[in-house]
């Protein structure tokens, strides 16, 4: 069934759009994977919040976006009302889910920040335990910080993880304490995850509108030729 000029334009716009959505899905997976790799060590600090949950959710959402976008490409090229309508429905559900995820990130990022700063303080106070000392070294090296508030918390026994790479044997110590750096890191991660989720949802909204227009046009044209 040949579509008129307007619907044909929407069809190819939707096809190109879904190719872009596929890239957005891959981007979500990459962002989720990178953030998961960087913050996984922080999970042991607090039992109150799962800091890795948003990253895992982004990986799942990115995978779902990629699959739905592929489905949309097929529906647009085959001019299938059923596939295009199904694509529009799942895209609408996905948009709602991403808005909810972004809202939850913005709402709970403050609580998570406070919990992890408190958890690090408790961890630091129990730094004589070997497993705690190892985790503190990992956090200090990755977040480029030293002690709770500053390197003074270590007294004269400053560990190597407080030293900037390549400054041995003089040891140029990180100036910021880890509680501040943990707070900054969680704030930044929350902003990135939340705004990226909303940005992708906004882009997907354009695809949803195009899908609805195309599905309606396909149905009307099929009725006309019936």
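Glycine is treated like the rest: Cβ placed from N, Cα and C.
What TrEMBL records for 12-36, 56-77, 89-109, 192-215 is transmembrane segment. Summarising the annotation, TrEMBL assigns disulfide bond to 145-178, 146-163.
A map of TrEMBL features onto the structure.
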residue	record	Cβ contacts under 8 Å, 6 or more apart
145	disulfide bond	139, 174, 176, 177, 178, 180, 181, 182
146	disulfide bond	140, 153, 154, 158, 161, 162, 173, 174, 175, 176, 177, 178
163	disulfide bond	171, 172, 173, 174
Original post:
Hey, what's the Cβ neighbour count for residue 178 (disulfide bond) at 10 Å?
Top reply: 28
